[in-house]
Structure formats: structure tokens, C-alpha cells
């Protein structure tokens with residue numbers, strides 16, 4: 001009796017804290033390592049792109065870059081990817097895309113950025129044109145600072161291409177629905193631990209007492225930061241390619257790990273590009289997925305835009321901005337790991353809807369609190385006169401940081417793993433090209449729609465700032481979050497029909 005009870009306890013303990021069987025480690029470990037490396041690079045690039053663009057230009061320019069540069073680039077990528085998937089294996093696509101992105105990042109770090117005065121319009125001429133045409137000043141700034149804009153755009157595309165699309169497409173092909181319920185939360189747990197490592201690493205590299213000084217003299221700290229960070233990104237990208245090669249040759253060919261190993265991975269003829277998108281357009285399921293992903297991008301970008309403008313006021317240089325950003329990334333990693341464990345148990349004990357709706361609810365509540373602080377800052381400070389021991393600016397940055405940590409923590413743990421389960425029961429066409437369209441385009445549509453709202457306001461009112469337009473952004477933010485919750489509810493009903 002005791003033995004049976006003991007085995008039952010061990011079984012329940014294993015199911016809760018380590019549901020991966022020993023014979024599955026040959027599949028689980030390399031996939032977790034691949035996710036770790038992709039997210040490692042993603043977060044270094046996230047720190048660099050914001051630190052460079054916002055410190056070198058302004059926070060307002062980010063919205064224009066997302067609308068007029070990032071979104072067109074994302075749309076172009078989806079078209080190219082749909083062509084590539086008909087001609088190349090996943091392995092080759094991963095190599096080609098890695099080579100393209102890393103080549104530009106290296107070119108920027110070692111050629112363009114150190115000689116930015118050669119490649120960009122002279123600041124005095126740019127300022128003169130912007131003053132002469134105030135309604136078009138941000139568009140002039142986009143063109144005049146093209147190097148920063150291209151770097152920002154490619155760094156923005158990295159997470160949607162390499163993590164959301166390529167990694168999860170790889171994982172969805174390799175993993176069954178039953179395995180996904182056990183694996184995906186732990187992929188997220190191990191993969192997102194990279195944020196903590198990146199946080200500590202980039203805090204050191206961007207600080208005045210950086211370890212780099214022990215190995216080389218530093219003439220310009222911001223250029224050294226970008227060059228050292230880019231070198232690390234390039235090395236980790238090579239490791240990613242090695243892992244993809246290993247998984248393709250050793251996991252996909254093993255019947256123990258992959259059910260289709262004996263017959264080979266699907267080689268059935270794919271639809272043409274036009275026919276493929278017509279097929280996707282008819283899917284209500286994918287349209288709901290698109291709304292959910294776009295809503296996150298839209299909502300979080302509204303909050304982040306205001307928050308990042310406040311960060312620049314407090315930390316005006318590239319290195320100080322990067323150091324603060326690194327601290328934020330570190331705590332985001334901690335939040336993701338904690339919420340991943342919570343999400344795993346929520347998903348096991350409740351239905352998919354309960355787990356999936358956590359993200360939009362938390363983002364809406366914390367986002368509204370942040371906007372209330374920005375809009376009614378003087379009233380709040382006078383109400384708590386003497387009780388708040390920091391400046392209004394420092395308080396806004398701190399509260400915004402907490403909001404973003406909680407929002408990203410729930411999104412990258414609970415929501416991402418919940419969303420990926422929605423693709424598993426789909427057919428191959430929707431699982432590949434449909435996923436590409438939803439994952440790459442939707443997030444950028446969300447962010448660019450948010451950026452479009454901001455860009456229209458800044459174009460019509462050149463003197464506007466993020467602080468002055470915060471009341472408008474708060475109303476839009478609330479509406480978008482409610483639409484996201486509604487879409488999650490609707491897609492849950494669709495998922496139940498096919499799962």
C-alpha cells in the first residue's frame with residue numbers, strides 16, 4: 001500500500017516539475033539549447049536597437065520606423081519566405097537567413113557605426129531641414145539617419161523570424177500534441193533563462209567598469225559596446241546553425257523522436273504563392289490568431305513608447321540607456337521563469353482559455369495603471385506628498401519597468417506556449433505558410449498600427465510629445481486589450497472543434 005502510494009506521489013511530482021522522460025532527452029535538450037541561443041541573441045539585439053535608435057535620435061522616431069520600415073520589410077519577408085519554403089529545406093532557409101542578418105549586424109558594428117558621419121547626413125543640415133519643414137521632420141529624420149533605421153528594423157524582425165516563426169515551426173513539426181503539453185512550458189523555462197544571462201552580461205559591457213577594459217583600451221565606449229556585443233551575437237548564431245544541423249541529422253531521422261522518420265519529412269507539393277494566401281485568407285482560425293498577435297504588438301507598443309521616452313530623459317546616453325535596459329531584461333527573465341512554472345500548472349489544471357486570457361488581462365490592468373500615473377502625475381504626487389521618495393521622472397520609469405516586466409513575463413511564458421498549441425492540429429499548409437503570415441505580419445501590423453496612430457499625431461502636431469498625447473493613447477490601449485480578450489475567447493471555441 002505504501003509502495004503504491006509512494007509511486008503515485010513520485011508520478012504526480014514528476015508530472016508537475018519534470019514531465020520529460022529520460023528517453024526523450026535526445027529531443028528535448030537540443031531543442032531547449034536552440035531556443036536558449038535564439039533568445040540570447042534576440043535580447044542582446046533588443047537592448048542595442050533601442051539604446052542606439054532612441055539615444056542617437058529620439059523615442060518618437062521609433063513609431064515612424066515601425067510603420068514605414070519594419071512593417072514593409074516584414075511583408076516582403078513573408079513573400080520571400082513563401083518562395084523559399086517551396087525551394088529549400090528548413091535547414092538551408094535557417095542558414096541563409098542567419099547569414100543575411102548577421103552580415104548586416106557585423107557591417108553596421110565595424111564599418112557603419114564607427115564612421116557614421118560618412119554615411120549619414122550632417123546633423124546641422126538635417127536639423128535645418130527639419131526646422132524648415134516641421135510637419136515632415138520625422139520623415140526627414142528617417143532618411144537622414146538611415147543606418148540606425150535599417151539596424152533597428154532588422155533587429156525588430158529577428159524575434160518574429162528566428163524565434164516565433166522558425167523555432168516554433170521546427171518545434172511544432174517535431175513535437176506531438178501530447179508532448180507539447182509537457183515540453184513547451186519547459187522549452188520556455190530553459191530558453192528564457194537566457195534573459196538573465198544577457199542582463200548580467202550587457203550590464204557589465206555597458207557600464208563604466210566593464211570587463212572589456214582588462215583586455216583592450218576603449219576610445220569610444222558606445223562603439224566598443226556594439227562591436228563586442230555583435231561579435232557575441234555572431235558566435236551564438238553559428239552555434240544555432242550547428243544545433244539545427246544536429247537536430248535535422250540526428251532527431252528527425254530517429255523514429256523514437258519523430259514519427260515520420262521512416263517515411264521522411266513531408267515532401268508533398270506545396271501550393272503556389274497566390275493560392276496559398278487565398279487559402280489562408282479563408283481561415284477564420286488564422287484571422288483570430290492574427291488579431292491576438294496584432295493586439296499584443298499594438299497594446300504593448302503604446303505603453304513602451306511613452307515609457308522609453310521617459311527612460312531617455314533619465315538615461316540620455318547609449319551606454320546608460322543600455323545599462324538600464326539590461327537590468328530590465330534581467331528581471332524580465334526572472335518574471336518569465338516564475339510565470340512559466342505558474343502557467344504550466346494553470347494549463348494542466350484548467351482549460352486553454354484560462355491560461356491564454358491571463359496575458360491580456362495583466363497587460364490591460366498594469367498598462368492602465370501606468371497611463372494613469374503619466375496622465376495624473378501631479379495629482380498623484382500631491383496626494384502622496386512626502387511618501388514617494390523619488391522624482392516624478394524616476395517614478396514613471398520604475399512603474400513603467402514593472403508594467404513591462406509583468407507584461408513580457410506573461411506574454412513570453414504563458415501566452416507564447418498557449419498560442420503555439422493552436423498550430424499543432426492544423427494541416428501542413430496552414431502550419432507553415434499560415435504560421436509565417438500570422439507570426440511575422442501580425443506582430444508588425446500591431447506595432448505599426450500603434451506607430452501609425454503616433455505618427456499621424458506627431459505629423460499633424462509637430463510640437464506634441466508622448467506625455468501630452470498619453471490620454472489619447474490610454475483610451476486606444478484599453479480598447480485594444482478588450483478586443484484581444486474577445487478574440488481569445490472566440491479562438492478557444494474554434495480550437496475545441498479541431499483539437
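Here the Cβ of each residue, glycine as well, is placed from N, Cα and C on the backbone.
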- Message: Of the residue ranges 254-274, 380-400, 401-421, which one carries the transmembrane segment annotation in Swiss-Prot?
- Response: 380-400
- Checking 25-45, 424-444 against Swiss-Prot, the stretch recorded as transmembrane segment is 25-45
- Message: Please determine whether the transmembrane segment (286-306) and the transmembrane segment (148-168) are in contact (criterion: at least three Cβ-Cβ distances under 8 Å, sequence separation 6 or more).
- Response: no
- Item | Beyond the flanks of the transmembrane segment (468-488) by at least 6 residues, Cβ under 8 Å | 288, 291-292, 295-296, 298-299, 302-303, 305-306, 353, 356-357, 360-361, 363-364, 367-368, 371-372, 374-375, 453-454, 457
- Paired segments the transmembrane segment (93-113) and the transmembrane segment (223-243) in contact, 3+ CB pairs under 8 A: yes
- Query: Against which stretches of its own chain does the transmembrane segment (61-81) lie, if we need a Cβ under 8 Å and a gap of at least six residues from its ends?
  - Reply: 50, 53-54, 93, 138-139, 141-142, 145, 149-150, 152-154, 156-157, 160-161, 165, 273, 301, 305, 308, 436-437, 440-441, 444-445, 447-448, 450-452, 454-455, 458
- Surrounding residues of the transmembrane segment (25-45) on its own chain - C-beta under 8 Å, 6+ positions past either end: 105, 155, 158-159, 162-163, 167, 170-171, 174, 183, 186-188, 190-195, 197-199, 201-202, 229, 232-233, 236-237, 239-240, 243-244, 246-247, 250-251, 254, 256-258, 329
